[in-house]
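Chemist: These came from TrEMBL, pasted as-is:
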type: ACT_SITE; residues: 36; note: active site
type: ACT_SITE; residues: 84; note: active site, proton acceptor
type: BINDING; residues: 36, 220; note: Mg(2+) binding site
type: BINDING; residues: 37-41, 49, 53, 81-83, 85, 87, 201, 207-209; note: substrate binding site
type: REGION; residues: 1-29; note: region 'Disordered'
Ligand code: IPE
Ligand code: IPE
Ligand code: MG
């Protein structure tokens, strides 16, 4: 699919014209969000932290719509980390119930928008079987969609994915000298996932927090101070705007920077 084409073939947002070819109007092909700040959002309102998680639902839908309309091809959302199991059990249980409700509630909307949904992680036996089944059902329902791919990282850890890839590689008896970055990446979950171009981490925190470590190797990062439940489509478009201002060098030198060496 042309990166400028939206999932249902609609024209991209007029805010974001131009090709995704590295030119000034480029749209990141793969955007990933660390959805952070729910607890602080609630605490600043003297509400329980769980209210912040509930309020995050509206942002998630807004961002999915904004990304799709902008012509983003891949959107990844960090919803629950392997480290988040260490939170109080009432918060963890709440999140399991909330995510199940959100997935069931929005399944038809996501499918109607031509979005292909995937869940990255989801290996811990503490995940309620009903929730895992709902994830599977949504993946099956939307699996043939050719619009934006939405990856929800749930019970995800970047290091765990890398360790699992190493195990898988060893089991495949690949000779050590044949292992390249590409063959290694082929053993990661969803090996067709393109490198992340832009990571948005809300709430002002500036950490990776074990998120898609392999895929973010050369991503651009933005850290909007707004808390995730207050983050809206307009903030998302501002992040895309910041991305467009960046020079991506990938370790090289831009053509306009190449000059004759001075002796
Ligand atoms: C992110 O918000 C949501 C999850 C990690 C599930 P937080 O719950 O981390 O919110 P803060 O960082 O405590 O404000
Ligand atoms: C990262 O946020 C995980 C998710 C957004 C799902 P955290 O709030 O858990 O990360 P730390 O603890 O600040 O690193
Ligand atoms: Mg946090």
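Every residue number used here counts from 1 along the chain in the order it is shown.
Here the Cβ of each residue, glycine as well, is placed from N, Cα and C on the backbone.
Remember, predicted model here, so these are calculated numbers, not experimental data.
Map these features onto the structure and tell me what's around them.
Modeler: In the three-state DSSP reading, residue 36 (active site) counts as coil. Residues within less than 8 Å, Cβ to Cβ, of residue 36 (active site) and separated from it by at least 6 positions along the same chain comprise 201, 202, 203, 205, 227, 228.
Counting Cβ atoms from all protein chains shown, residue 84 (active site, proton acceptor) has 17 others lying within 10 Å of its own Cβ. A helical conformation is recorded for residue 84 (active site, proton acceptor) in the three-state DSSP classification.
Residue 85 (substrate binding site) has a Cβ environment of 13 other Cβ atoms inside 10 Å.
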Chemist: Just the recorded positions from 36, 37, 39, 41, 84, 201 whose C-beta lies under 6 Å from any atom of ligand 2, please, or none if there are none.
Modeler: 36, 84
Chemist: Using a 10 Å radius around each Cβ and all protein chains in view, which of these binding-site residues has the most neighbours: 37, 39?
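Modeler: Selected residue: 37.
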Chemist: Far apart in sequence but close in space: which same-chain residues, 6 or more away, have a Cβ under 8 Å from residue 41 (substrate binding site)?
Modeler: 52, 55, 227, 228, 229, 230
Chemist: Near ligand 1, which of the recorded positions show up if the criterion is a Cβ under 6 Å from one of its atoms? Options: 36, 37, 39, 201, 220.
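Modeler: From 36, 37, 39, 201, 220, counting a Cβ under 6 Å from ligand 1 as near, the near ones are 36, 37, 39.
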